[in-house]
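Participant: Here's a structure for you.
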Amino acid sequence: ELGKRAPRWIRDNEVTMCMKCKEPFNALTRRRHHCRACGHVVCWKCSDYKAHLEYDGNKLNKVCKDCYHVIIGCTDSEEKKRKGILEIESAEVSGNSVICSFLQYMEKSKPWQKAWCVIPKQEALVLYMYGAPQDVKALATIPLLGYTVDDAPKSADLPHSFKLTQSKSVHSFAADNEELKQKWLKVILLAVKGETPECQNE
């Protein structure tokens, strides 16, 4: 269907990095562009291609490299490199996850930041953290097995917080409400013991 019908555009605020080359966007050098064929948000380097799109009266439109190759019928000789652990797309794992939601996250003494957290079904003992729900690469992963869970909140500002500790690594999380915190704890308390949790997604 590529180029035959208008794509669903991924919104700018759903990504923090180019959906093709995974470079983070910033105000100056990496502005967001949309591929007119697949609707993905890409940087200028990755949107530097043009192809005739049927849905737009065969006019030349800006497209990403992948769509360009498909539309002009040329196969990319470069074999798809085996994906690294962080290069699992957020949308891919969120759609097939035990649980996923935004949580506040703090590591050591860094400031709290919002992260899209996912525990995928196929790796139910690993917590993936993304900057946004449509990001194509995780910022970090935490293998949960062996962590100690502390669910007593330490800060009055974030009453729905919990902590994961293992020797020197400490990860603090905070949910928006008690119900969401309990859902995450239910999954994590099983995962730290090596048990596969039940799906918590509505």
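The backbone N, Cα and C atoms fix where each Cβ goes, and this holds for glycine too.
What TrEMBL records for this protein is below:
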DOMAIN    12-68  domain 'FYVE-type'
DOMAIN    13-63  domain 'B box-type'
DOMAIN    96-193  domain 'PH'
Participant: I'd like to know the mean pLDDT over the domain 'B box-type' (13-63).
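Facilitator: Here the predicted model's pLDDT, averaged over the domain 'B box-type' (13-63), is 87.
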Participant: Just give the helix, strand and coil counts over the domain 'PH' (96-193), going by DSSP.
Facilitator: 17 helix, 43 strand, 38 coil
